[in-house]
Amino acid sequence: MAGSTVFRKVFALILAVFVDISFFHLSGLVVNHRVFGHLARLWVSAALRCLALTAVTLLSLRDVRPLVFRVIFTHSLLPAVLETGTRVLYHEETQCGMLADLRCWLMCAGASLAGALFWEITIPDTEDAAAGKEKRQEARVLFVRVLHLYRPDSLLLLGGLVFLTLAVICQMFIPFYTGRVIDILGSQYQHTEFISALLFMGLYSLGSSVSAGCRGGLLLCAISAFACRVKAKLFGALTKQEIGFFEAIKTGEITSRLSKDTNLMGRTVGLNVNVLLRTFIKTMGMISLMMNLSWKLTFIVLMETPITGLIQNIYDTHYQRLSLAVQDSMALSNEVANEVVSSIHAVRSFNTEKQEAQRYDDRLMETHTLRTRRDTVRAVYLLAQRLTGLVMQVLMLYYGRLFIRSGQMTTGNLVSFILYQSELGDNIRTLTYIFGDMINSVGAAGKVFEYLDRKPQVSTEGKLKPDQLTGDVSFRGVNFAYPAYPNKRVLQDFSLELKAGQMTALVGPSGEGKSTCVSLLERYYEQQDGEILLDNEPLKSYDHRFLHKKIAVVSQQPVLFSGSIRDNIAYGVAECSLDEIQEAARKANAHDFINQLEKGYDTEVGEGGGQLAQSERQRIAIARALVRQPQVLILDEITSSLDPESENKIQQALASCPNQTLLVIAHRLKTIEKAHQIVLIGDGQVQERGTHQELMEEKGRYYKLREKLFTEGNSPQ
């Protein structure tokens, strides 16, 4: 196998050399009549050689490294570049330009290989480079998706593009008329031509300014509309996710996606594409005008482009690597600082202040060293860029003087050319930078699309909405483990029946699965095995809104939202009258304290209900559950924050709903003595069940648990 691969590579090399020499020889047989025709044929020949070598390489080899294509590209174009440069700079023909000279071919091949070797040493094709290519491919796909999201703003974008084009065209002609004014002043002065040139300069300046302002206004409107629309779509997608998603993802990350990343997505098209198109159009227009002024001088100026690109690539490779190293080093330094500060008692106890200070200092020195290397790379990059620009300016001025003396240019043309050239370098650097910024912006879009595309693991697509609901609940062979701990089962073959019109109490030690039953009934999670039925129908078959209207939960730590008491009690109910709100508040023993407030039901509760006491928040939460008139009511450890009087009144109110299924989770065992069924849960299974009297007579785990609480607190609370 290895021998076959080597043979294929040798064969491909011989074939490529034969094809290239043949094309090189044929190109030398072309008869030239004019200089420009000669150069045109030269570049066409170079393009044909490049295509031929590429085709031979792809047909002969299966896996071709990018380095090979760089050699082919450089080797094919080098003779054309050499001949063109010689004609422009020295006005003479090279000895090997189009001649079928083996020495010339070997010289070009050697130079191409040397350049490729230099590229390989300074910018090797590493796994990071391959990953970068994959990232760019993904960025292109994401960019198209972002464009689709901009469809509603297409008119704004189209208008912005039109004004952008007008602004660029007007701006490009200003340097041209600047040179025209200089020519008029330098030759025999003609007042009419002078005024005409100034008038055109003023009109183009005004047109550029007005068009740029209109372009900016339209694009900013499009960006604002886009950001609002994407944030709304993302928020809607997030609210449909299962509870396990929010437990796995940090709140800060979610809010960052909603605020920061959506704004970055807007920049992808609204700002970056705006800058990209404006710069690209300006660059192409400037090159065209520069070619019109002097194509020879334009060739000299464009020699800077590949040199600048090479310097930029070398800089990006090393600077990004060092920047990542600096970030990692800073993270380690912060980790040491956080660890010491959070464990300062242990540090002080073991007298290790100096050791920890030295450890932190070592991290800082490592960061300093990496920063020095990174800044040195940037300094060398800036030096190389400025030296390249300076050399190009010197060459441009030197040959510009020669062209003026030979009558090929005027002084005004040279001034216009210099103005174009000064902007051209900035435009090329902007194009290079904006591509990287677009990749970063589209990367943020990828994180947003990840959430937009995510399907909730707990389906909410049920359609069942029966007119009558009894309220019988059944757990049948349920197995469940939380997504964060898939190997630790909380419920194992769990079975339980909740009868309509009866009160069922779940008791047992903490962490045995009581609250998990509530979470499954609320469909916060999906069980791995078994069924949970409501009136003999699976919970997932019910309409999401209908289900959560018929099953209401009051937790130990109720959540209130900023707004009035009225808004919090009616939360989630589309149409709710004040009478219904007050009736629910009376059942929850909240009506009296609400009326004592200055604004009554219109009193603001503050963020998280912070303006109210814990027991008051609890009673409002109970009223919020009761106003929905649920068929199944779940009270999860609510009595811990209620006084006995409120607890008794609430129990009496609940007893007035004979057809309601009531599930209570409590540690105060005295509050559940009247339950129709008491279920003791342990190890994720039902250990005991029965009435209070039956379980006390069995003297099992429930009896021991009650006796233990009685012994510790002198009351079975």
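Glycine is no exception: its Cβ is also placed from the backbone N, Cα and C atoms.
Among the features that TrEMBL reports, transmembrane segment is placed at 12-30 (among others).
Look at TrEMBL and you will find 42-61 (among others) tagged as transmembrane segment.
The annotation transmembrane segment is assigned in TrEMBL to 155-174 (among others).
Residues or ranges marked as domain 'ABC transmembrane type-1' in TrEMBL: 158-440.
Tertiary neighbourhood of the transmembrane segment (194-227): same-chain residues 149-150, 152-153, 156-157, 159-160, 163-164, 166-167, 170-171, 173-174, 177-178, 180-181, 184-185, 262-263, 265-267, 269-271, 274, selected by CB-CB distance under 8 Å and a gap of 6+ residues from either end. The annotation transmembrane segment is assigned in TrEMBL to 194-227 (among others).
If you look at the transmembrane segment (379-399), the same-chain residues 6 or more away from its ends with a CB under 8 A from one of its CBs are 88-89, 296-297, 300-301, 303-304, 307-308, 311, 314-315, 319, 417-418, 421, 425. Under the heading transmembrane segment, TrEMBL lists 379-399 (among others).
Annotation source TrEMBL lists domain 'ABC transporter' at 473-708.
Outside the transmembrane segment (155-174), and at least 6 residues removed from its termini, the chain residues within Cβ reach (under 8 Å) are 200-201, 204-205, 207-208, 211-212, 214-215, 218-219, 221-222, 225, 269, 274, 277-278, 281-282, 285-286, 289.
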